[in-house]
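As written in TrEMBL, here are the features:
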- H112, H114, E119, H160: Mn(2+) binding site (BINDING)
- H114, E119: oxalate binding site (BINDING)
- C32-C49: disulfide bond (DISULFID)
- 63-214: domain 'Cupin type-1' (DOMAIN)
- 1-22: signal peptide (SIGNAL)
Amino acid sequence: MKGAHFLVAFLLLVLSSSYVFAYDPSPLQDFCVAINGSKDGVFVNGNFCKDPMIVTADDFSFSGLNIPRNTTNQNGFNITLLNADTVPGLNTLGISMARIDFAANGGETPPHTHPRATEMLIVLEGTLYAGFVTSNQPYRLITKVLNAGDAFVIPIGLVHFQFNVGNTNAVAVAAFNSQNPGVLVIANAIFGSNPPIYPDVLVNGFQLDRDVVNYLQEKFGDNSHQSHRY
C-alpha cells in the first residue's frame with residue numbers, strides 16, 4: 001500500500017514539475033534589467049543584470065508603438081517586437097509583445113509556430129483572417145475573421161497564421177507568456193534550413209517531385225528574404 005502511495009506521489013510530482021518548467025521560470029528578484037555585459041554583473045536568462053541602484057524608468061519603457069511600419073516586403077507585414085532586447089526591464093519577467101502591421105489585400109504572417117509561448121492576438125485596425133491547426137489528427141483548422149477590438153488565442157506551439165482580408169492596412173498586437181517565445185516559420189525552416197535538408201527527405205516526406213523541392217530550397221534558402229523574428 002505504501003508503495004502505491006509513493007507511486008502516486010511520484011507521478012504527481014513529475015506532472016507538476018513538467019507544468020512548472022513548461023514556461024519561463026519565476027524570477028528570484030524584483031527585476032533583472034538586461035545589459036550586454038559586465039565584469040561585476042550576474043548572468044540571468046542569457047543577459048547580465050544591471051545594478052538595481054542605477055536602473056531608471058527608461059529601462060522599463062518603449063516609445064513608438066503608434067508609428068506604422070513599412071510593410072513593403074514579400075509577405076506584406078512588419079513586426080515591432082518588445083522583448084528584453086528592446087525593453088531591458090522585461091528580462092526574467094516572462095512576457096513579451098509585438099505590434100504587427102499588415103499591408104492591405106493579403107499582408108500576412110505566414111504559417112509559423114512559437115515553441116515557447118501561447119499568443120493572444122488583439123486586432124486594433126482592419127480585418128484579419130486568423131487560425132491555427134491542432135496537433136493531432138485530423139489536424140483541425142480553427143479559424144475566425146477578426147475585426148478591430150476582437151481577440152484570438154493561439155495555444156502554445158501550434159502552427160498558426162494571420163492574413164489581412166481587408167482592402168486597408170491592418171494593425172494587431174500580440175502578447176506572449178514568454179520573454180523569448182521563439183518563432184519557427186514553416187516554409188523557411190523546412191526549405192531554407194542551413195545547411196539544407198537532404199532533398200530526398202523532402203521528396204519523400206512531402207511527396208513532391210525533386211525539381212519542386214530544388215526550386216523551394218533555392219527560393220527559401222535566400223537569406224535576403226524577410227526576417228521573421230519574435
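Keep in mind that glycine also has a Cβ here, set from the backbone N, Cα and C atoms.
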Nonlocal residues around E119 (Mn(2+) binding site), in sequence order (Cβ under 8 Å, 6 or more apart):
V153, I154, H160, A174, A175, F176, P181
Let me know the model's mean pLDDT on the domain 'Cupin type-1' (63-214).
97
Among all chains shown, work out which of the disulfide-bonded residues C32, C49 has the most CB atoms within 10 A of its CB.
C32
Could you state the whole-number distance in Å separating the C-alpha atoms of H114 (Mn(2+) binding site) and C49 (disulfide bond)?
26
Alpha-carbon distance [H112 (Mn(2+) binding site); C49 (disulfide bond)] in Å:
32
